[in-house]
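Participant: Feature table excerpt (Swiss-Prot):
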- SER110, LEU111, LEU112, PRO113: (6S)-5,6,7,8-tetrahydrofolate binding site (BINDING)
Amino acid sequence: MKVIFAGTPDFAAAALKAVAAAGFEIPLVLTQPDRPKGRGMQLTAPPVKQAALELGLRVAQPEKLRNNAEALQMLKEVEADVMVVAAYGLILPQDVLDTPKHGCLNIHASLLPRWRGAAPIQRAIEAGDAETGVCIMQMDIGLDTGDVVSEHRYAIQPTDTANEVHDALMEIGAAAVVADLQQLQSKGRLNAVKQPEEGVTYAQKLSKEEARIDWSESADIIERKIRAFNPVPAAWVEYQGKPMKIRRAEVVAQQGTAGEVLSCSADGLVVACGESALKITELQPAGGRRMNIAAFAAGRSIEAGAKL
């Protein structure tokens, strides 16, 4: 069975490797163009391209698929049975969706219809969801509105960051899409179920502005934001006129004026919130490395009563 693969980041690269390891023929891999990255802004291939080249697969990197006759013709010439799409980052128009014999399967990191859109992992943590998961979806022209082929649940742990949930769902998604491809190969079809009309939510793209900590919010809300926005864009506060990223924190039963430092020691930097307080245990000063509070406090002095 011929499988076109379309994806860009690590989340997708894991799925590509799994599909290849399962023995499926992959005549073409689509990924986004190389982009400048890092402090040196060096042109860097996306993880999917790197994985595809290691596997000896053909790679194409169109800037867009909409109104792109050359890309459409390339897809048609492959005569694929199905396309697997994972965090590709480009819109697939209807003519592209219709090209493979069995359409396009998307690996989506939420329990649809909850958290359709760009940042499902982060929004699930931010909202305090007890669980999330992966859906393999038969793509249509809508935003994550297609019928669900399979659903795979994951319990969000109280200390999980977005990075940790991402890595868990990456492995779940890779295994799930392989299982569904194997079913398609053996039965010639997939049983997909329409998404319910109730419970639809949208996972809007993250912004640096919303990641700024508002100490008037409750400690519970802020703690979830810190985990949801870890590693990027990273929750932050202004410290000595510069943004300081907050990487880890826990809720503690203390009270004070919102934004007031209650204590600073090797154990943690405790800051009062609208309700309760947060004990910050890991942070990253502007231009610096991530560090625990013991390392931070050793070179600085933040007195009780100071404002963040």
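Every residue, even glycine, has its Cβ placed from backbone N, Cα and C.
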Participant: Reduce the DSSP letter at LEU112 ((6S)-5,6,7,8-tetrahydrofolate binding site) to three states and note it down.
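Facilitator: DSSP call for LEU112 ((6S)-5,6,7,8-tetrahydrofolate binding site): coil, neither helix nor strand.
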Participant: SER110 ((6S)-5,6,7,8-tetrahydrofolate binding site) has how many other Cβ neighbours within 10 Å of its own Cβ?
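Facilitator: Within a 10 Å radius of the Cβ of SER110 ((6S)-5,6,7,8-tetrahydrofolate binding site) lie 24 other Cβ atoms.
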Participant: Fewest other C-beta atoms within 10 angstroms of its own C-beta: which of the binding-site residues LEU111, LEU112 fits that?
Facilitator: LEU111
Participant: Far apart in sequence but close in space: which same-chain residues, 6 or more away, have a Cβ under 8 Å from PRO113 ((6S)-5,6,7,8-tetrahydrofolate binding site)?
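Facilitator: Looking at Cβ-Cβ distances below 8 Å from PRO113 ((6S)-5,6,7,8-tetrahydrofolate binding site), excluding near sequence neighbours, one finds ASP144, THR145, GLN195, PRO196, GLU197, GLY199, VAL200, THR201.
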Participant: Give me the sequence-ordered set of same-chain residues, not including SER110, LEU111, LEU112, PRO113, with a C-beta within 8 angstroms of the centroid of the (6S)-5,6,7,8-tetrahydrofolate site's C-beta atoms.
Facilitator: HIS108, ARG114, TRP115, ARG116, PRO120, GLY133, CYS135, ASP144, VAL148, GLN195, GLY199
